[in-house]
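Contents: one structure, followed by commentary.
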Amino acid sequence: MNKKFKCIGIVGHPRHPEALATHEMLYHWLKSKGYSVIIDRQVAKDIGLKDAQTGGLTEIGKQADLAVVVGGDGNMLGAARVLSRYDIKVIGINRGNLGFLTDLDPDNALQQLSEVLDGEYRNEHRFLLEAQVRRNGQKPRISTAINEVVLHPGKVAHMIEFEVYIDERFAFSQRSDGLIIATPTGSTAYSLSAGGPILTPNLDAIVLVPMFPHTLSSRPLVISSESSIRLKFSQNSNDYEVSCDSQIVLPIQDGEDVIISRSKQKLNLIHPQDYNYFNTLSTKLSWSKKMF
C-alpha cells in the first residue's frame, strides 16, 4: 500500500472561471475530509479565501506531501520545475487543452482523487534536464526543463550553425533552424511535432531532434540520459537562445557554449491506479485505435 497524505497543496494559475471553480471546489472538499491544505496565495485571493493557509510553490514544496496542479500542461511544467526540488508527489487535474500530464478529468476528479488519497495510485519518477550557458571562468546561467531544451535563433527565424559534442566527443555539425533536446516526458510534445520518436517514460534516454535541417541525411538521435551534450557555435551567435519548456529563455553570447545534462532533480508524478500510458497516447494524441 502506498503512503497516504496529510497535507495537500493546491497549485494553479487559472485564466478561466471554470478553473477557479475547480480550485474552490477542491479546497472545500479537502477541508471537509479533514486534510491540512495549503493553497497558492494568488488563487486564494482570486476565489476570496480569507482564512486559508497560503504560500508560493516553494512553501508548498516544503510543507505539503502532495501537490494537486489544476490547469493544463503548461501549468504542470511551470510547477514541476520548482516542486521537483522537494520530497513531494504531484498529480494534475486537467483544465487546459491537451492535458497530457494532468490525468484527472475535472468532471470526475473528486472520485479519482479520493482513491489516490486512500493510497491507490501509481508512482512514476520523471527526470529533468539541466541547461547551462557558460563561458570559461564565469558563473554559468542555469535552468531546468521537464519536457525539452530547445536551441533556436532569437527574434527572427533563420538558419543557424552549431556543433554537437556528446560526452565531450564530436558527434555532428548542423545547419538548421535549431535543435530540440527532449526527455521521455517531452518526447510527446514539441519533439514529436518535429518528427522525433516517442520514448516511454521509464526509459533513461534523451532524444536530439533537428529542426528543419538543411540536409537530406539528418535524423533524430537517441542517447543515454547519463550522457552530457555540449553545443558549440561560431563567433556569430549573439542572437541564439536556449529555451526550457518554452517558459524560460537563456540568451547565448559570443564565446559561450551550452551544456545539457540530466538534472539531479526528479519529478515524483503519480497517477490513478488504472493509468495506462498507451491509452493516454490513444486518447490525447489520437494514436492507433484498438482493432479487436
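Positions of Cβ are set from backbone N, Cα and C atoms, glycine also.
Database features (Swiss-Prot):
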type: ACT_SITE; residues: Asp73; note: active site, proton acceptor
type: BINDING; residues: Asp73, Gly74, Asn147, Glu148, His158, Arg175, Asp177, Thr188, Ala189, Tyr190, Ser191, Leu192, Ser193, Gln247; note: NAD(+) binding site
Fewest Cβ neighbours within 10 Å, where candidates are the recorded positions Asp73, Asp177:
Asp177
Residue among binding-site residues Asn147, Ser191, Ser193 with least C-beta crowding, 10 angstrom cut-off:
Ser193
Cα distance (Å, whole number) from Asp73 (active site, proton acceptor) to Ser191 (NAD(+) binding site):
15
Cα of His158 (NAD(+) binding site) to Cα of Asp73 (active site, proton acceptor): how many Å, rounded?
28
Between His158, Ala189, which of the binding-site residues has its C-beta surrounded by the fewest other C-beta atoms within 10 Å?
His158
Maximal Cα-Cα distance (Å) across residues annotated as binding NAD(+), namely Asp73, Gly74, Asn147, Glu148, His158, Arg175, Asp177, Thr188, Ala189, Tyr190, Ser191, Leu192, Ser193, Gln247:
31
Between the Cα atoms of Asn147 (NAD(+) binding site) and the residue listed as 'active site, proton acceptor', what distance do you get, rounded to the nearest Å?
10
Separation of alpha carbons, Asp73 (active site, proton acceptor) and Ala189 (NAD(+) binding site) (Å):
10
Do me a favour and check the Cα-Cα span between Ser193 (NAD(+) binding site) and the residue listed as 'active site, proton acceptor'; whole Å is fine.
16
